[in-house]
Amino acid sequence: MAIHNRAGQPAQQSDLINVAQLTAQYYVLKPEAGNAEHAVKFGTSGHRGSAARHSFNEPHILAIAQAIAEERAKNGITGPCYVGKDTHALSEPAFISVLEVLAANGVDVIVQENNGFTPTPAVSNAILVHNKKGGPLADGIVITPSHNPPEDGGIKYNPPNGGPADTNVTKVVEDRANALLADGLKGVKRISLDEAMASGHVKEQDLVQPFVEGLADIVDMAAIQKAGLTLGVDPLGGSGIEYWKRIGEYYNLNLTIVNDQVDQTFRFMHLDKDGAIRMDCSSECAMAGLLALRDKFDLAFANDPDYDRHGIVTPAGLMNPNHYLAVAINYLFQHRPQWGKDVAVGKTLVSSAMIDRVVNDLGRKLVEVPVGFKWFVDGLFDGSFGFGGEESAGASFLRFDGTPWSTDKDGIIMCLLAAEITAVTGKNPQEHYNELAKRFGAPSYNRLQAAATSAQKAALSKLSPEMVSASTLAGDPITARLTAAPGNGASIGGLKVMTDNGWFAARPSGTEDAYKIYCESFLGEEHRKQIEKEAVEIVSEVLKNA
């Protein structure tokens with residue numbers, strides 16, 4: 001992808017959304033019956049779209065909220081539904097729509113007091129803490145399109161295990177929501193917001209303080225405080241600003257929030273690689289503001305708007321997410337003595353093979369799963385996975401005692417873990433990675449995209465290993481051709497080809513007419529580029545007939 005000529009530069013007035021217009025479009029524009037682009041598509045990250053594109057409007061959210069209310073009733077979930085929202089412009093009207101429908105369905109709802117914002121991990125944690133006490137089970141809804149641009153909206157559902165809903169649940173919600181849309185919302189129960197707030201079904205609580213105080217159960221906050229590290233946080237205008245403020249105060253940390261603005265245009269952002277405003281804390285372009293301040297701090301952090309992702313900045317720059325995952329795993333499994341010896345590491349099959357080498361050295365079991373955090377939920381929930389992480393800078397891990405903290409991605413604990421590592425060892429995570437690279441080799445990793453039609457994407461997701469005729473990759477014998485994940489046998493929706501010195505994986509994009517290729521080599525950049533070239537050839541050959 002070509003880099004935009006203003007990538008990494010501050011946003012200008014001409015880059016900003018018109019919040020009033022976008023909000024009006026939420027209420028005025030309607031999805032067109034029979035138009036697939038306007039339908040509800042409920043993946044594990046929920047449904048995402050934009051009001052301007054007729055894909056995230058009031059009818060969508062009313063239908064989704066009704067479908068969730070029916071699904072939880074069908075499954076006997078009668079406890080509270082924790083509803084959180086992030087700072088995107090469309091999150092506010094969608095939040096109102098959800099409350100109107102849930103209250104009309106007699107669902108008890110818990111929201112952050114004073115109309116505050118709630119990160120994804122705080123919703124997951126609240127669900128788990130509530131359900132541990134026994135009694136009627138709680139679940140949750142988070143209104144967020146994650147790191148997507150300011151014009152986008154999103155909504156996702158977390159069942160009582162606290163994690164992202166599995167496909168069998170999301171398919172039911174999607175189908176029912178689309179049926180309600182097709183029927184003109186006739187089956188949707190709804191009362192006004194005033195009636196909802198007066199119904200007794202909507203309860204306001206402070207969800208911030210219990211989360212902040214609970215952090216001592218999962219991260220060595222005392223060590224961070226004692227070390228006196230200078231920490232910087234750029235909340236990127238997201239849902240966790242109040243959380244970072246209270247963390248600094250409660251644990252008496254030397255923590256500076258470099259920008260505490262909430263602005264639905266996200267005008268304080270630097271433009272991403274493609275020139276868009278995108279709150280991606282793993283992008284050097286989007287993180288240019290915090291990177292310019294890196295010499296002022298021992299460590300600096302950022303999160304995306306719903307705080308399920310992390311960005312770690314050392315004086316050397318922004319850490320590669322794959323590199324930090326390897327460091328986090330290496331540290332945690334040597335500093336959590338209460339975790340049993342059978343506790344495993346979960347990784348997605350497009351994450352770096354450096355993780356494989358670290359886990360093997362630790363003598364731990366590695367469970368490699370398809371892309372998507374949903375594959376880690378059960379393992380984190382029952383304590384059989386100590387850690388689960390994705391190359392897209394999303395991860396979670398267990399408390400000190402081996403019980404779950406958040407079964408969804410938690411950007412806050414991953415940032416604080418970087419501080420713990422630095423405080424306890426005297427070396428920051430980048431320095432730890434440099435040591436791992438000396439021991440295990442320094443892999444060269446890249447992800448690229450190539451255009452693909454819908455038919456080609458469908459063909460790629462249905463590949464079988466024998467359809468790959470090549471016997472070598474970049475000069476090395478192919479040791480494995482995978483279309484199912486080795487950790488759980490689930491389809492990977494694509495292909496992974498491995499050698500002793502490198503690998504590539506190809507899978508269709510869930511949101512664009514393209515497929516993604518992930519490549520890695522332990523023999524350097526030139527070797528990786530050869531893998532990339534041959535990967536494109538292998539995939540093109542397979543797709544030629546599609």
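The backbone N, Cα and C atoms fix where each Cβ goes, glycine too.
For the Mg(2+) site that Swiss-Prot gives as Asp304, Asp306, Asp308, the extra residue drawn from Ser146, Ser461, Ser464, Ser469 is Ser146. For the recorded site, Arg309 (substrate binding site), the DSSP three-state label reads coil.
Note: Glu391 (substrate binding site) has non-local neighbours Pro321, Asn322, Leu325, Thr348, Val350, Ser351, Ser352, Arg447, Tyr518, i.e. same-chain residues 6+ apart with C-beta under 8 A of its own C-beta. Take the Cα of Asp306 (Mg(2+) binding site) and measure to each of the recorded positions Ser146, Lys156, Lys409: the nearest one is Ser146. Under a cutoff of 8 A between CB atoms, and with a sequence separation of 6+ in the same chain, the neighbours of Arg309 (substrate binding site) are Ser146, His147, Asp280, Cys281, Ser282, Asn303, Ser392, Ala393, Gly394, Lys409, Gly411.
You'll find the Cα of Asp308 (Mg(2+) binding site) roughly 13 Å from the Cα of Lys156 (substrate binding site).
The separation of Lys156 (substrate binding site) from Asp304 (Mg(2+) binding site), Cα to Cα, is 16 Å.
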